[in-house]
Amino acid sequence: MVLSPDDKKHVKAAWGKVGEHAGEYGAEALERMFLSFPTTKTYFPHFDLSHGSDQVNKHGKKVADALTLAVGHVDDMPQALSKLSDLHAHKLRVDPVNFKLLSHCLLVTLAAHLPAEFTPAVHASLDKFLASVSTVLTSKYR
């Protein structure tokens, strides 16, 4: 999915507002995903999935760090996320549908925390961005 110049501007501005809360929002999105889509828990059998667990918080930070990397390399996400794509395709073997589920939960989390910034245009741009990240992360499944 191609991001327009306006999409890129919206994504960078929105992620800039996330700032130091990125890890917190990443963990919250994971918790939302586990609660809303319980089958996603199967990829984390060794995690304490309770609210506020250190493992979920640490993984939420990893998710947020990957998104920060993608935002910073929005014009070259395949290169920037190549190692992460390899990890998810070859080692973790995460079902690609789970990226869509997490993307949805990230959008809900961002809308809850940034209601003034979460305009329809920003929502659409973030949705396209997360779809692009998902496409990159699943590109090596083929």
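Heads up, the Cβ atoms here are built off N, Cα and C, so glycines get one too.
When Cβ atoms from all protein chains are considered, those within 10 Å of His59 (O2 binding site) total 17, not counting its own. In the three-state DSSP assignment, the secondary structure recorded for His59 (O2 binding site) is helix. What Swiss-Prot records for His59 is O2 binding site, and it gives sequence analysis as the kind of evidence.
As annotated by Swiss-Prot, heme b binding site applies to His88. When secondary structure is read from DSSP and collapsed to three states, His88 (heme b binding site) falls in the helix class. Of all the Cβ atoms in the protein chains shown, 21 others lie within 10 Å of the Cβ of His88 (heme b binding site).
Taken from Swiss-Prot, the feature domain 'Globin' covers 2-142, and the record attributes it to sequence analysis.
Taken from Swiss-Prot, the feature phosphoserine covers Ser4 (among others), and the record attributes it to similarity to another entry. Contacts of Ser4 (phosphoserine) defined by a Cβ separation under 8 A and a same-chain sequence distance of 6+ are given as none.
Taken from Swiss-Prot, the feature N6-succinyllysine applies to Lys8 (among others). Using a 10 Å Cβ-Cβ cutoff, Lys8 (N6-succinyllysine) registers 16 neighbours.
If you look up Swiss-Prot, you'll see Lys12 (among others) marked as N6-succinyllysine. Other Cβ atoms within 10 Å of the Cβ of Lys12 (N6-succinyllysine) number 14 in total over all chains.
Taking a C-beta cut-off of under 8 angstroms and a sequence separation of 6 or more, Lys17 (N6-succinyllysine) has the following same-chain neighbours: Leu114, Glu117. For Lys17 (among others), the entry in Swiss-Prot reads N6-succinyllysine, with the evidence type similarity to another entry.
Taken from Swiss-Prot, the feature N6-acetyllysine covers Lys17.
Here Tyr25 (phosphotyrosine) comes close to Val18, Gly60, Ala64, Leu106, Thr109, Leu110, His113: these same-chain residues lie at least six apart in sequence, with C-beta atoms under 8 angstroms from its C-beta. For Tyr25, the entry in Swiss-Prot reads phosphotyrosine, with the evidence type similarity to another entry.
What Swiss-Prot lists as phosphoserine is Ser36 (among others), and the listing cites similarity to another entry. Cβ environment of Ser36 (phosphoserine): Leu101, Cys105 lie under 8 Å away, each six or more residues apart in the same chain.
In sequence order, Phe34, Leu49 make up the list of same-chain residues 6 or more apart from Lys41 (N6-succinyllysine) whose Cβ falls under 8 Å from its Cβ. Residues annotated as N6-succinyllysine in Swiss-Prot, with similarity to another entry given as evidence: Lys41 (among others).
Under the heading phosphoserine, Swiss-Prot lists Ser50 (among others), citing similarity to another entry as support. Long-range Cβ neighbours of Ser50 (phosphoserine) (same chain, at least 6 residues apart, Cβ-Cβ under 8 Å): Val56.
The phosphoserine annotation in Swiss-Prot covers Ser103 (among others). Just so you know, the Cβ of Ser103 (phosphoserine) picks up 19 other Cβ atoms within 10 Å once every protein chain is counted.
Within 10 Å of the Cβ of Thr109 (phosphothreonine) there are 23 other Cβ atoms, across all protein chains. Residues or ranges marked as phosphothreonine by Swiss-Prot: Thr109 (among others).
The Cβ neighbour count for Ser125 (phosphoserine), using a 10 Å radius and every protein chain shown, is 22. The annotation phosphoserine is assigned in Swiss-Prot to Ser125 (among others).
Here the Cβ of Ser132 (phosphoserine) has 20 other Cβ atoms within 10 Å, regardless of which shown protein chain they belong to. Among the features that Swiss-Prot reports, phosphoserine is placed at Ser132 (among others), with the record citing similarity to another entry.
Cα spacing between Thr138 (phosphothreonine) and Ser103 (phosphoserine): 14 Å, rounded to the nearest whole number. This prediction places the mean pLDDT of the domain 'Globin' (2-142) at 93.
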